[in-house]
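Undergrad: Sequence annotations record features per position, and here TrEMBL assigns FAD binding site to Ala29, Glu50, Leu58, Val94, Trp380, Gly387, Val388, Ile389. Residues or ranges marked as NADP(+) binding site in TrEMBL: Gln167, Gly168, Asn169, Val170, Arg211, Arg212, Glu223, Gly387. Residues or ranges marked as domain 'FAD/NAD(P)-binding' by TrEMBL: 20-241.
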Amino acid sequence: MLSSNAMRAFSTAIRGRPLHVAVIGSGPAGFYTAHRVLKDIPDVKIDMFESLPVPHGLVRFGVAPDHPEVKNVMNKFDEVATDDRFTFLGNVHVGGKDLPLSALKSNYDAIVFSYGASEDRRLIVPGEDLQNVYSARSFVGWYNGLPNHRELMPDLDSTDTAVIIGQGNVALDIARMLLSPIDVLRKTDVTDYALEALSKSRIKHVHVVGRRGPLQAAFTAKELREQMKLPGVRFSTDVQLLQSEIANGAEYLNKSRPLKRLMSILEKEIGSPNMLSGDKSWTLDFLRSPSRIIPDSTNNNVAAIEYELNRLDGPAESRRAIGTGQFVTQDCGLILRSIGYKSIAMEGIPFDESSGRVPNKYGKVLDGENEVPGLYTAGWLKRGPTGVIATTMNDAYETADTLAADFVAGKPFLNEVDGVGQKTGSQGLLQLFKDNKIRPISYVDWKLIEKMEFEAGQKIGKPREKFGRVEDMLAVLSTEDLKTSM
Ligand SMILES: Cc1cc2nc3c(=O)[nH]c(=O)nc-3n(C[C@H](O)[C@H](O)[C@H](O)COP(=O)(O)OP(=O)(O)OC[C@H]3O[C@@H](n4cnc5c(N)ncnc54)[C@H](O)[C@@H]3O)c2cc1C
């Protein structure tokens with residue numbers, strides 16, 4: 001890799017101007033890519049576009065309120081934003097009619113697509129659209145203040161039983177939110193309206209349901225331990241299945257330490273006081289595939305869920321669920337499907353519908369076998385909607401390094417077949433913003449919004465009280481105060 005000085009001299013000699021990079025999405029993938037590109041290429045200008053007025057993606061709207069330590073990455077993102085080569089443009093959605101991707105393509109040398117996964121996978125069973133059947137994405141968005149789901153208003157006081165379909169960390173986050181003592185949640189940044197609903201919740205029993213067996217559970221040890229420590233919450237599961245799967249899978253477990261640790265946490269619970277007492281309960285149900293959701297007498301609300309029972313087939317490391325033709329029904333008044341998030345296509349870039357990803361090689365967008373000059377991708381959009389922030393950081397760094405290597409190798413960027421051309425980044429978009437009444441929110445503006453959130457939180461002993469509506473976020477900033485940082 002070139003030294004900073006050599007890189008700067010190289011850049012200026014070739015272009016006579018900075019490299020203009022647009023980053024779409026301000027989650028971890030966007031920020032970590034920006035961080036590394038700023039480090040790799042001194043003569044660069046980065047504009048980060050974000051649909052919402054507020055940054056940080058799922059760190060703000062996904063990570064559970066009782067995991068404040070995870071949110072410390074925001075401090076790192078704040079550092080990135082203080083670099084004077086970086087500009088945040090919140091409240092600017094890319095890809096719609098107001099700001100089509102083509103406008104970015106003509107004003108930037110490179111575009112990094114890191115807009116995450118804004119939809120979710122469905123069960124595709126009858127009854128899925130009944131009242132009180134939600135995706136984990138909307139339920140998590142609701143308690144975390146995502147404006148789209150602010151008005152979800154799940155009914156938590158007409159039932160004592162909730163079913164969560166899926167056995168990953170998001171499922172356990174939700175189970176914990178439903179079963180935690182309300183006084184614990186009061187000290188977190190959970191939104192005030194969600195806290196109010198949770199304080200009146202009658203839900204006492206939460207079933208966390210999977211198609212296959214214990215060895216296929218996708219949650220991790222930390223989240224499982226937290227779940228086991230919830231006060232007054234009894235744990236139950238099919239002990240016989242657990243024991244036989246652990247015994248039959250011994251060889252496989254010896255090769256996978258994290259899974260072995262997970263199984264030993266579950267095994268330790270067998271016969272423990274945690275399985276014997278508690279007013280509330282959580283259950284790990286295995287070998288069940290939802291076949292239909294059954295309405296109540298009004299035909300509007302969920303009353304029960306029906307499963308087909310499965311048996312397991314194949315070796316321990318790749319067990320398959322085979323339907324047995326036997327069905328069971330579980331009464332419940334709330335169903336949350338937590339079977340995965342899903343990215344959506346943006347017009348103007350290749351997208352693989354079957355994998356839900358932008359095809360890429362080390363982060364460089366591919367059209368068939370061919371690299372597309374100037375287009376890159378990072379994060380959940382690049383590798384699919386799985387993995388924690390650390391995984392996202394590593395793949396964002398890979399994308400940034402690919403971009404920097406292309407730069408050093410003198411590969412063409414966007415519209416550079418006939419020379420580097422004139423690119424001015426967001427300066428070239430000002431007229432479009434004006435014409436389409438787009439009001440970009442700068443990072444300084446965001447810090448003002450955040451300051452108000454801290455102040456509101458402090459008054460009631462919470463780290464922050466989030467604004468849950470876009471208009472409330474914007475109201476913090478009077479029109480005169482709106483700084484576009486451009
Ligand atoms: C419920 C939940 C809990 C989690 N908890 C943890 C945890 O405790 N610890 C951990 O390490 N990881 C956790 N993760 C994983 C972590 O959040 C992800 O690894 C990470 O956020 C993915 O980053 P990303 O930048 O790819 O996507 P995102 O974080 O989703 O960011 C994408 C951003 O792009 C914006 N955007 C979308 N479309 C557009 C557009 N057209 N124009 C402009 N902007 C757009 C979105 O508004 C969003 O801000 C959790 C994930 C979920 C879903």
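A Cβ is built for glycine as well, from the same backbone N, Cα and C atoms used for every other residue.
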Undergrad: Tell me which of the binding-site residues Ala29, Val94, Val170, Val388, Ile389 sits in the most Cβ-dense spot, judged by other Cβ atoms within 10 Å.
TA: Ala29
Undergrad: Identify which of the following binding-site residues, namely Gln167, Arg211, Glu223, Val388, place a Cβ less than 6 Å away from any atom of ligand 1, and list them by sequence position.
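TA: Passing the 6 Å Cβ check against ligand 1: Val388.
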Undergrad: What are the sequence-distant neighbours of Leu58 (FAD binding site), meaning same chain, six or more residues apart, C-beta distance under 8 angstroms?
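TA: When sequence neighbours closer than 6 are ignored, Leu58 (FAD binding site) has Gly27, Pro28, Gly116 within Cβ distance under 8 Å.
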Undergrad: Taking 10 A as the limit, how many CB atoms besides its own sit near the CB of Trp380 (FAD binding site)?
TA: 29
Undergrad: Quick check: of the binding-site residues listed here (Ala29, Trp380, Gly387, Ile389), which one has the Cα closest to that of Gln167 (NADP(+) binding site)?
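TA: Checking each of Ala29, Trp380, Gly387, Ile389 against Gln167 (NADP(+) binding site), the shortest Cα distance is to Gly387.
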Undergrad: Taking Cα atoms as reference points, which of the binding-site residues Ala29, Glu50, Val94, Trp380, Gly387 is nearest to Gly168 (NADP(+) binding site)?
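TA: Spatially nearest to Gly168 (NADP(+) binding site) by Cα position is Gly387.
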Undergrad: Near the Cβ of Asn169 (NADP(+) binding site), how many other Cβ atoms are there if near means within 10 Å?
TA: 18
Undergrad: Going by DSSP, is Ile389 (FAD binding site) part of a helix, a strand, or coil?
TA: helix
Undergrad: On a C-alpha basis, identify the one among Arg211, Arg212, Glu223 that is nearest to Val388 (FAD binding site); the candidates are the binding-site residues.
TA: Glu223
Undergrad: Between Gly387 (FAD binding site) and Asn169 (NADP(+) binding site), find the distance joining the two CA atoms and give it rounded to the nearest Å.
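TA: Gly387 (FAD binding site) to Asn169 (NADP(+) binding site), Cα-Cα distance: 10 Å.
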Undergrad: Closest to Asn169 (NADP(+) binding site): which of the binding-site residues Ala29, Glu50, Val94, Ile389, going by Cα position?
TA: Ile389
Undergrad: Pick the one among the binding-site residues Gly168, Gly387 whose Cβ has the fewest other Cβ atoms within 10 Å in this structure.
TA: Gly387
